Amino acid sequence: MMLHIPGVLTKAQVAQCREMLDTADWVDGNATSGAQSALAKRNRQLPEGSPVARTVGDAIQDALARHPLFFSAALPLKVFPPLFNRYEGGETFGTHVDNAIRLLRGTDFRVRSDLSATLFLEEPDAYDGGELCVEDTYGVHRAKLPAGDLVLYPASSLHHVTPVTRGERVASFFWIQSMVRDDGDRTLLFQLDTQIQALSAEKGAKDPVVISLTGIYHNLLRKWADA
């Protein structure tokens, strides 16, 4: 499932993040690449230990924790600290798949990458190209979202970023280990939760059907979750 999650950051928060990011020191993007990704990757990135990356990353994680749609879709157990990249002048990232396990450098903190996320930090009309293209059995899905919006997709997906031919694309990217490992199970829970919320808004939280469906949701989560 590929999902657009709007408004993770407000426009004011995006501006604050960009003010810090634009004055930071960027390095070659292959600093975090696996062997396959390094062959395809041409961009720049903030080092993982950068104070700016930590400060802006903490703000993003705080925003994610307050966003009910993100929680419902991802059911996060662990979130890898957000990283940051930028593309301009034809820079691109060819087709690749993300590493299954991400290790935070200098620590023993590991994340199984069930989900990948990209949070856009530049408005789409400010640059040409730079589309995130995610492949699945139904074809190729493209994302180029407003600043502050996030796209969430299975980390097992082949994906690429098209060349940026005008302007600059700035984004944060990170991985999530979900409480529910299987993408199909997680998608089913998300669909069920979405319908429960809609029915609750219409009938009220004390409606017998709402209560019954909520019980089914939690029993399925209990069956499938690692916590």
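Placed from the backbone N, Cα and C atoms, the Cβ positions cover glycine too.
Now, the feature entries from Swiss-Prot:
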type    : residues       : note
DOMAIN  : 78-178         : domain 'Fe2OG dioxygenase'
BINDING : H96, D98, H159 : Fe cation binding site
BINDING : R169           : 2-oxoglutarate binding site
Taking just the CA atoms, what is the gap between R169 (2-oxoglutarate binding site) and D98 (Fe cation binding site) in Å?
20
Inside 10 Å of the Cβ of R169 (2-oxoglutarate binding site), count up the other Cβ atoms and send me the figure.
26
Helix, strand or coil at D98 (Fe cation binding site), per DSSP?
coil
Tell me whether H159 (Fe cation binding site) sits in a helix, a strand or coil according to DSSP.
strand
D98 (Fe cation binding site): tally of other CB atoms within 10 A of its CB:
20
How do the residues of the domain 'Fe2OG dioxygenase' (78-178) split into helix, strand and coil according to DSSP?
3 helix, 54 strand, 44 coil
Taking the Cβ of H159 (Fe cation binding site) as the centre, count every other Cβ atom within 10 Å, in any protein chain shown.
24
